Amino acid sequence: MAIISSRAAGAEDPGQRQQKSSARRRESKLAFARAEGLLQPQAHPSEAQEESLRPRTLAEYIGQTELKEVLSIAIAAARARGEPLDHLLFYGPPGLGKTTVAAVLAAEMGSRFYMTTAPALESPRDIAGYLVRLKQGDVLFIDEIHRLPKVTEELLYPAMEDFRLDITVGKGRSARITSIPLERFTLIGATTRIGALTSPLRDRFGQVQRLRFYEPHELAEIVLRSARLLNTSIDRAGAEEIARRSRGTPRIANRLLKRVRDYAQVRGDGHISREVAAAALELFQVDPMGLDWTDRKLLTVLVEQFGGGPVGLETMAAVTGEDPQTIEEVYEPYLLQIGYLQRTPRGRVVTPAALQHLGYTAQSPLPVWS
């Protein structure tokens, strides 16, 4: 016996509607994830084009004026003596140009540049492979140097201080240490967590320099330079709009420039003006102070659940669902820099400036925009 459905032709059953609704939610989440990633200071694997935007000389390098002056003196002195640069350690939040500065130094010295990361140096043979092939004046750059394994770090001590590689030959009672002379080289380390470095390693660097967040006018110049390299039409007002939402970070500024360029090509005539930049970045949920949804969530949770603080890092992480290290290394530095968050002995506290930006009033515990 045939069974005839009473549903109208073409009508969706509840299962189909649920599948489509789930698909829309997944698409929405994916779109938000893409937008949220715009403000991550770490490099994305897809950002290979960033290499073409890097300055090659100190003269091309924009910002970090005091650091450039110190480094230019070090370069001139080393050249005059015919010696390699002293070992250098750069620290600061991600995305500020530590790798770029290291590459520029090598170029200015006319030296070969070798780059690696601490997590890639798992065993002594990994670091030994780099050290034995370095020639006079070569530069070895180790990113995330605070993550070096202890046994690898200890191999660096005589290499940095005496240009000697000590290796153990044999096992047990027959084991002996053999020293291999090394060419005089320059080690440049970079870290976002200078406090995580051991004193013996930190003390072996001739210079320890901090990279600061960039000023809006410096970022605007970086955006203008990158736009020229990308053959993108932009005026100064458009560059300034992108710059002020870039969290003081060149990597983010270049990333936002590329997304605004896409928006200008699809929704406009290809030229980036202040209005076009503002419209694009609002679409990507980047507000005028460079805050994204996660930044606002962190601040809002502090206000609405804890009266503005103080709140401990672990508590913040548990309530927001974010990793404590991510909060401390990705979100907090910029919120501290712009005066929206304070660290106290008892925990994190939201400032009046943050309350005003989020739309809170003194009379109401809830945000005006909620």
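Our numbering is plain: 1 for the first residue shown, then up by one each step along the chain.
Cβ coordinates come from backbone N, Cα and C, glycine included.
Listed in Swiss-Prot for this protein:
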- L53, R54, G95, K98, T99, T100, E161, D162, F163, R204, Y214, R251: ATP binding site (BINDING)
- T99: Mg(2+) binding site (BINDING)
- R343, R348: DNA binding site (BINDING)
- 1-54: region 'Disordered' (REGION)
- 13-214: region 'Large ATPase domain (RuvB-L)' (REGION)
- 215-285: region 'Small ATPAse domain (RuvB-S)' (REGION)
- 288-370: region 'Head domain (RuvB-H)' (REGION)
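Known features from Swiss-Prot, placed on the structure.
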residue: L53; record: ATP binding site; DSSP (3 states): helix
residue: G95; record: ATP binding site; DSSP (3 states): coil
residue: E161; record: ATP binding site; DSSP (3 states): helix
residue: Y214; record: ATP binding site; DSSP (3 states): coil
residue: R343; record: DNA binding site; DSSP (3 states): strand
residue: R348; record: DNA binding site; DSSP (3 states): strand
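The Cβ of R348 (DNA binding site) lies under 8 Å from the Cβ of L302, G309, P310, V311, G312, L313, M316, E332, L341, Q342, each of which sits 6+ residues away along the same chain. If you count neighbouring Cβ atoms within 10 Å for each of the binding-site residues F163, Y214, the highest count belongs to Y214. Cβ neighbours within 10 Å of G95 (ATP binding site), excluding its own Cβ and spanning all shown chains: 27.
For the binding-site residues T99, E161, R343, the ranking by surrounding Cβ atoms (within 10 Å, all protein chains) places T99 first.
Within the region 'Head domain (RuvB-H)' (288-370), the DSSP-based counts of helix, strand and coil residues read 43 helix, 9 strand, 31 coil.
In sequence order, R225, S226, L229, L230, N254 are the residues of the chain that are 6 or more apart from L53 (ATP binding site) and have a CB within less than 8 Å of its CB. The ATP-binding residues named in the record, L53, R54, G95, K98, T99, T100, E161, D162, F163, R204, Y214, R251, extend over a maximum Cα to Cα distance of 37 Å. Between the alpha carbons (Cα) of G95 (ATP binding site) and R343 (DNA binding site) lies a span of roughly 22 Å. Taking the C-alpha positions, the distance from R343 (DNA binding site) to T99 (ATP binding site) comes to 29 Å.
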